[in-house]
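Accompanying notes for the structure given below.
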Amino acid sequence: MSKQPENSFSSDKFFPIKQKLALEAVALVEPGMCVGLGSGSTAREFILALGDRVRTERLVITAVASSRISQLLAEAVGIPLSDHSLLQDVDLVVDGADEVDPCLRMIKGGGGALFREKILLQSGKRNVILVDERKLVPTLGKFSLPIEIAPFGCSSVQRILNKQGYFGEWRETSAGERFITDNGNYIYDVRTPDSYANPEEDMIRLLQIRGIIDVGFVIAKAEVWVGYADGSIVRKKEHNEY
């Protein structure tokens, strides 16, 4: 069983880079915007920075959170949230990613919120993905590929995945219990294969399996902002070798 990733935040040596990325991104927010809030450690810093602007500048916005954790944090820092069931166009979505390849294709879902994160990205007029340099990979698959799977018939879905060559583990909480997403589903973390040269093909193949809700591949129009250890930030908008 794979364990749900733990939050390290300030113990991460790249924490200052994440904060800098968040501050750069929060400057994009303008009055009246609807802002999509991602999940994960870098998105957390963005939410904190946005909450600070709401408090100190009396910035009038609305926001939609991609996870229960992000929702609770947004509420705690005073960011007004809109009804996610009424979600339509989102002016700006800010999120992170687990891996990014040279074509800006990504893997998301390390925090277990991949389905909602992808809905936000689909709705975003402008999508900004914040990552540090460790997330840049030549080919996707360095870590694992999260797949969200409905509980009903999940063992059958796993059998089909294995038959097609996708092997992994069901994600667990730190208490050793099956991890459950905000949508009430499970996460199967695929370890093998460990590289995806053509993730579009794998995504199509996987989404044809009944019971799979979504796959961690993100192939969408987005800007990727990369923070480096030397303090620099590089903004990528299209195919661009590292």
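Just so you know, glycine gets a Cβ as well, placed from its N, Cα and C.
What you see is a predicted model, and the numbers here were worked out from it, not measured in a lab.
Matching Lys13, Lys20, Lys135 to the substrate binding residues that Swiss-Prot gives (Ser39, Gly40, Ser41, Thr42, Asp95, Gly96, Ala97, Asp98, Lys108, Gly109, Gly110, Gly111) identifies Lys135. Spanning the listed substrate site, residues Ser39, Gly40, Ser41, Thr42, Asp95, Gly96, Ala97, Asp98, Lys108, Gly109, Gly110, Gly111, Lys135 have a farthest Cα to Cα distance of 15 Å. Taking the Cα atom of each, Gly110 (substrate binding site) and Glu117 (active site, proton acceptor) are about 11 angstrom apart.
The most crowded of the binding-site residues listed here (Ser39, Ser41) is Ser39, judged by how many other CB atoms sit within 10 Å of its own CB.
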